[in-house]
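Summarising the annotation, TrEMBL assigns repeat 'PPR' to 201-235, 236-270, 271-305, 306-340, 341-375, 376-410, 411-445.
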Amino acid sequence: MKNLKHFRKYSTFLDSSKNTHKIPVKLITPKQRNLAPIPLPHRTISEPKGQDLDFINIAHSHLVHSDWTKLDNLASSLTPFRVKHILLKIQKDYVLSLGFFKWVEVKSPNSNTLENNSIVLHVLTKNKKFKSAEFILRKLLESGFVDFPAKLFEAILLSYRMCDSSLRVFDLLFKCHAHLKKFRNASDTFCSMKQYGFVPTVESCNAFMSSLLKLNRIDVALGFYKEMRRSRISPNVYTFNMVMSAFCKSGNLEKALEVLREMENISLKPTVVSYNTLIAGHCNRGFLSVAMKLKSVMDKNGVNPDSVTYNALIHGLCKEGKLHEANKLFSEMKRTGVAPNVVTYNTLINAYSQAGNSEMGSRFFEEMANDGLKADILTYNALILGLCKEGKTKKAAFLVKELDKLNLVPNSSTFSALISGQCARRNPDRAYQLYKSMVRGGCHPNKATLTLLVSTFIKNEDYDGAMEALKEMIDRFITLDLDMLTEIRRAFLRCGREGTIIKLLQEIDARRLMPEGFDKTTMISSTD
């Protein structure tokens, strides 16, 4: 029902040529629109006189003639004031400016003040030497030389007019904060830029949004996107793709679809990444019919699906247990010339293994090898799980031996699969030995594995084994499920071990691991 409702909404949305849905963006009020930027400050600097003037002229002459030996003799007399005026004097030659700046960094680092760093940044950005400028900025920000980013912004601002600079210097500062994931500093820089009539480039805004999304700061990223639009920074395809990704991650799929419509309204052609983002978002939420419709639209608009497209759809179908449809899509993938990769095969092998069809899993494994693809630990884990589900533990053990030959290290999932296989064969002692090997190997068991162990011991009426496994759960601060604890209590009461179950409950209670809804008093007193 959920699928059908969303599909109808999407079909109407996509098929209507008059649809003008937009992402809700806060409009700029007349007051905001007419707000004049603050005039740029014009700092006057004192002119050099006397010995300072003589030093600057001599040093300048040595620099112009690349006489670094003579310049070295002057190093002991460097001061921030003299360095500043030399930098201003040679600012039209960015190569000479950077060379002199680096020389001062070695000979008299204290002379490279925040103001002098700013002058070099202006020179480099004005000449589009952004990598060199970013290197200096990063060094400043990471060294702790700048107590507060506001001081750096102010220093760049005050030297802006004397260097006849370009707005790219502020853009670079904003982007550098974004790359360093200094989000507050980036936001402050953005606001300060706007006050003086500057706005960052869309590329720098994209860098900020990308950093936010990598740390899952979805709300902040979407909030910044709205601020971009208010500031009349035109988004590009990459921006829209990130906004769609943010909406998909937050589960707001209708908003994500509106972004696609907005791209079309401003004549921006969606890319394969645009469609893949939406398809994956809908598959993850179980809206497979919409995801398939998006693939059709993609084909119709001349955007060829790639392996990412097919992998997302195959994974979505497998997750819903639609293995026949997944297989058909896999065949289509190969027929259209899109090469399946390790992810494709792992998805299918895992799906068939989970369904207890290890034979199909093995077929895909062989086909994968024939395609020249190298299996990874996920491939083997899926195969091992499929075999263990069917009780084929010897075949599973053979695959485990293959891991050593391939330099693949068994992980928690490998051991969990093997343990489940032994439990399926009602062999909890062997399962517990595997559990111990798992722990010794540095792997961490999960709740499901330990719960299965306890349950198998109980079924075999091995209550001492069950107690060992239970102690492992308690020591790892894993809360038992209510049904599980009920089963344990019944089993121990049936065999007359009331004292054991009381001690166990007391320990569980002391560790605050008691499942919600469990009543200790009533459940000890009756055996039902």
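For all residues, glycine too, the Cβ spot is worked out from N, Cα and C.
Residue counts for the repeat 'PPR' (376-410) under DSSP, split into helix (H, G, I), strand (E, B) and coil, are 26 helix, 0 strand, 9 coil. When Cβ-Cβ distances below 8 Å are used as the criterion, the repeat 'PPR' (376-410) is approached by residues 342, 345-346, 349-350, 352-354, 356-358, 361-362, 365, 368, 417-418, 420-422, 424-425, 441, 443 of the same chain, each at least six residues removed from its ends. For the repeat 'PPR' (306-340), the list of distant contacts is 272, 275-276, 279-280, 282-284, 286, 288, 291-292, 295, 298, 347-348, 350-352, 355, 368, 371, 373: same-chain residues at least six beyond its ends, Cβ to Cβ under 8 Å.
Note on the repeat 'PPR' (411-445): DSSP counts are 26 helix, 0 strand, 9 coil. DSSP labels the residues of the repeat 'PPR' (201-235) in these numbers: 26 helix, 0 strand, 9 coil.
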